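Below: the structure, in structure tokens.
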Amino acid sequence: MKGPGFHFDVHTDLRADQKAEVLIEALPWLEEFAGQRIVVKYGGNAMVDDHLKQCFAEDMVFLRQVGLHPIVVHGGGPQISHMLKALGIKSEFKGGLRVTTPEAMDVVRMVLTGKVSRELVGLINAHGPLAVGLSGEDGGLFSAMQRRPIINGKPTDIGLVGDVVSVDASAVEDLVAAGRIPVVSSVAPNEEDATEVLNVNADSAAAALAAAVGAHKLVILTDVDGLYADWPDKNSLIGRIGVETLRDMLPDLESGMRPKMEACVRAIDGGVPQAHIIDGRKPHSILNEIFTSAGIGTMVMPDEGLEMRSSYGY
């Protein structure tokens, strides 16, 4: 597809009438979400596979061009691990969490703000001057508190790792007002010592930012189809779930999924109407979630009578 300032390579076997049906299906969602803010947590395989990176950038450009305001928050676990290994710095994990020493924090900061952010900004800006990179340090965007998780029943020191405790979204608001796509790296100053920077969980940071900017949706990309009621039974994929039901499930979730679902709960508690977990391994999965009637993945909503339903049982 060609247009002023951008070029997407789209290959499809759909007939012309089928293509028209796809566009018509998107119409009510284009109307509903016009002018709305969508916070997207960029992660998983979508940020390491070159084709998926390109698809993600195209999705962000598409959202902006049709009148939505995407805001991207990213981590960079695989890239951080690769750089630490290349520099001969040991990576240690406790309870599934990376122990971040001052030496490792320098690498985290460098990789997130100087590599992952710059690459994504470049991919988006290949379609026009839309994206602007910033970190949680910029303009006091995030403030974090050092984290001491309970591991094996004891508070455990995992170094310069924190949780976002406050958000000043002024810098992001200014970029959105200017028609830009903010791309936010998940590092933040320590609220007890602003000269110290903490590595913060990108899922939680995205949820906090979504609440602060009044986003209509939080969308978290991951490497599974969504939340399963009875993993590994693939037929137990949950299409929609109320936040209170999800809150009760949190203690029993496996370690990889729990922080993502905790982020969904945090977003809903903060007033975001919808939070989604979708499979970022599938090209253009964000567009499928937002602009199709069935949607994909798992959607979390305020309860208000909403019962848990199996996938696609809308």
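Even glycines carry a Cβ here, placed using N, Cα and C.
Swiss-Prot annotates Gly76, Gly77, Asn199 as substrate-binding residues; of Arg64, Arg98, Arg180, the candidate listed for that same site is Arg98. Of all Cβ atoms in the protein chains displayed, 19 besides its own lie within 10 Å of the Cβ of Arg98 (substrate binding site). Note: the substrate site is recorded as Gly76, Gly77, Arg98, Asn199; in the same chain, Gly75, Ile80, Ser81, Thr100, Val108, Leu112 also have Cβ atoms within 8 Å of that site's Cβ centroid. Cβ neighbour count for Gly77 (substrate binding site): 16 (other Cβ atoms within 10 Å of its Cβ, all protein chains included).
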